[in-house]
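In what follows, a single structure is set out as structure tokens and then discussed.
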There are 2 protein chains.
Amino acid sequence: MKVVKFGGSSLASAGQLEKVVHIIKGDVQRKFVVVSAPGKRTQDDIKVTDLLIAYYEATLTHLPTTEFTQEIIQRYQEIADAFQVEKAIMAEIKENILSLQTLPITNNPHLSDTFLASGENNNAKLIAGILRTQGVAARYINPKELGMIVSDEPGNARILQKSYEQIYAWRNESEILVIPGFFGYTEAGQICTFSRGGSDITGSIVAAGMKVDLYENFTDVDGIYVSHPGFVHEPETIKELTYREMRELAYAGFSVFHDEALMPSYRAKIPVVIKNTNNPQHPGTLITTKRDISQQPVVGIASDQGFASIYISKYLMNREIGFVRRILQVFEDLSLSYEHMPSGIDDVSIILRERQLTKESEEELMRRLAFELDPDELRITHGLSMIMVVGEGMRQRVGITAESTSALARKHVNLEMINQGSSEVSIMFGIQEVQEEKAIRALYYTFFD
Amino acid sequence: MKVVKFGGSSLASAGQLEKVVHIIKGDVQRKFVVVSAPGKRTQDDIKVTDLLIAYYEATLTHLPTTEFTQEIIQRYQEIADAFQVEKAIMAEIKENILSLQTLPITNNPHLSDTFLASGENNNAKLIAGILRTQGVAARYINPKELGMIVSDEPGNARILQKSYEQIYAWRNESEILVIPGFFGYTEAGQICTFSRGGSDITGSIVAAGMKVDLYENFTDVDGIYVSHPGFVHEPETIKELTYREMRELAYAGFSVFHDEALMPSYRAKIPVVIKNTNNPQHPGTLITTKRDISQQPVVGIASDQGFASIYISKYLMNREIGFVRRILQVFEDLSLSYEHMPSGIDDVSIILRERQLTKESEEELMRRLAFELDPDELRITHGLSMIMVVGEGMRQRVGITAESTSALARKHVNLEMINQGSSEVSIMFGIQEVQEEKAIRALYYTFFD
């Protein structure tokens, strides 16, 4: 049994939906279909979700809304016409879209979520109808009916544990269930959306609830690349990687999924495959809890820019009780978070994301650190990149660090930092941003190609 | 102008003192002589300081003390006889030693310090007398007279800032000043000793106070070895290293000085040279604030055993606010300190010294961490060694990390951890203890010989 989730670009037009229907019909195991709202048809197109945001804002500010409602309805109508979907469905969608502006706009914390969720919700109704025109026994199911109960946190809802059991009760439906992604209902019956990447979360929750064998996530790429296509010409795609490996890659710029999206399937130990709606023959990238590491110790090389490093040195620092605690306190007082904190004997570096700092807050931070710690040396370095070489079992492989550092040394890439040993899944190198492309290429050609 | 300090083994016998006199006479810049108590004459000998401890304990418990007082006096007497020192000096020493047992033993927090300090104090008197018999204009000076005022912390005194100015007032004495190491006086006039390695501290304070050009520290070795002689056959000695490099080496088992001993000379930017009383022609090891790193980027390779690593992994750990703080809290609650804490995306390792843990406290620690953090994975690895490759400007040298890791990989040394980037002076490798000797040898033959 499989959950299959389609992203917005896979559902943007009648042409794309033909591919989707073909995919669903191609495997009887695909019993649960999770859908996003219609995405962009072309580069310059507007997503239905963005139209809904504009519609919501116009409603809030009492501006004319007709322009938006017409365009949104038109997006569904085009697709419905192409498949000659039963008239009642479009009537329902239309009525729903027009009715949104009649909702109370004051003291209504769920208004924005209700507008946004309609994009997915109406699309699920439409797609269930499309499937039926194509001879597939399918029905739309509302998340409330399905039992998807969430915390009352508009825009940032969390699934409640009891939902899984309720979802499981739908496991043996004879029809394919078409489920709108991105939102659930509070116990009081209000619509609440997940944070960004919300349809991926819905797919992951349904996969965990239904205890399926596989969660298929259809996108518009063949899978996760081994390295950034901007740095390496036509990089390979990763065949298989573990959840932990994906987390490390995601952290360093491989933003395939929103951080929390795969938590439910991870906890339920359900594998996820990323596939391409436009190239479904491609095996895609499989995300598992465990993989055979003998064939491919390194799965990917990722990097991310925009880090700064604060260096603090003080003779006999390690004799001062609570020295690191005081550093953390200064960071907390200024609401700054840090990424890493490698420590030496008499020094410590704090790596943080630069975007947190303004000129003023940086000055304040440095002033506070100088005052609280009385260091011998204190300075900040900007413009750092973090490069991660990712692969399970990294620690057991004596040679990978040596190969990596040798490759970087040959290309004269200076290492500002190495972080190995915390993670069993990656080695992290801190370098100057200007050397990032050179470093990525050197590592790519060491472990791939 | 130089401060010259002699350790216990350099002052253990008349034969050793002949070398000392020769050294002092050999350079008119040697104006301030700091001395320890007489040390061991042979491998099985007892230091005067240890005899004083036994004498103190006998006094406290009302046991006979004659055995100890006789032996202590005899140690000074032998040397005095060999140099035919004026009789009055030995009479004063003898009287001082015998009078110690008449001090009040109740409500006397300075009793132990007063017993111990007499070892150095009497030796300074004796050595000033010896120098005079050899035609050197020298006088003993008591630390109180010198202005060495310390905090009232018996056994762990700290120098007060105003001492430096008072000491400086003695800078232009015509005679050589012979100063007992190891202790000062509180403002109330009580004797208080420094922590272990105290005579080195005295030398360092006098060097800073007198604003000398060099602090010569005479020991019984030719200097600091590049690597541990137990692992490498006849390692080189280091010609020159910086204070920071020395700190890193000291941390990892190169315990030449007690941690805090060189703080005053470090702050005053005075170079220190470690020389061998038994081989004064050898240039020794020079410790400076800055050195030319173009010739010798790596100065030493040190290692230390007895570390454990606690690995904590939790999916989306970095989204949990205060995760690391909670870890630190558990450590603090159990009065455990940690050495390093390399962090990954979803995991963190805490490196600590094993000697802090008992079977019970380890169980308690793991239980608390499991309870407080609810981690996906939690485990402890014992028997780790930390290896440090030390050298200023390490970060600017692209190749050193590559050379180090390649050397270790060739010898199949598995890296549990790398820590680079915090310190500008070292790279730290965590490995299994059983691979320590192999690792040290591999690194030694990469950078030396």
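Every residue, even glycine, has its Cβ placed from backbone N, Cα and C.
Bear in mind that TrEMBL entries carry predicted annotations, made automatically and left uncurated.
Positions annotated as ATP binding site by TrEMBL: B:LYS5, B:PHE6, B:GLY7, B:GLY8, B:THR219, B:ASP220, B:TYR225.
Look at TrEMBL and you will find B:THR49, B:GLU120 tagged as substrate binding site. Summarising the environment of B:GLU120 (substrate binding site), the number of other Cβ atoms within 10 Å of its Cβ, over all protein chains shown, is 28.
Assigned with DSSP, the residues of the domain 'ACT' (B:389-449) fall into helix, strand and coil as follows: 31 helix, 13 strand, 17 coil. As annotated by TrEMBL, domain 'ACT' applies to B:389-449.
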Least buried by Cβ count (within 10 Å) of the binding-site residues B:PHE6, B:TYR225: B:TYR225
For B:LYS5 (ATP binding site), nearby residues of its own chain (Cβ under 8 Å, 6 or more apart in sequence): B:VAL33, B:VAL34, B:VAL35, B:SER36, B:GLY181, B:SER199, B:ASP200, B:THR202, B:GLY203, B:TYR215, B:GLU216, B:ASN217, B:PHE218
For B:LYS5 (ATP binding site): DSSP state (helix, strand, coil): strand
Cα-Cα distance linking B:GLY8 (ATP binding site) and B:THR49 (substrate binding site), given in Å to the nearest integer: 9
B:ASP220 (ATP binding site) CB neighbourhood, other CB atoms within 10 A: 16
Inter-residue C-alpha distance, B:GLY7 (ATP binding site) and B:GLU120 (substrate binding site) (nearest angstrom): 10
Count of other CB atoms lying within 10 Å of the CB belonging to B:THR219 (ATP binding site): 22
ATP site span - longest C-alpha distance across B:LYS5, B:PHE6, B:GLY7, B:GLY8, B:THR219, B:ASP220, B:TYR225, in Å: 21
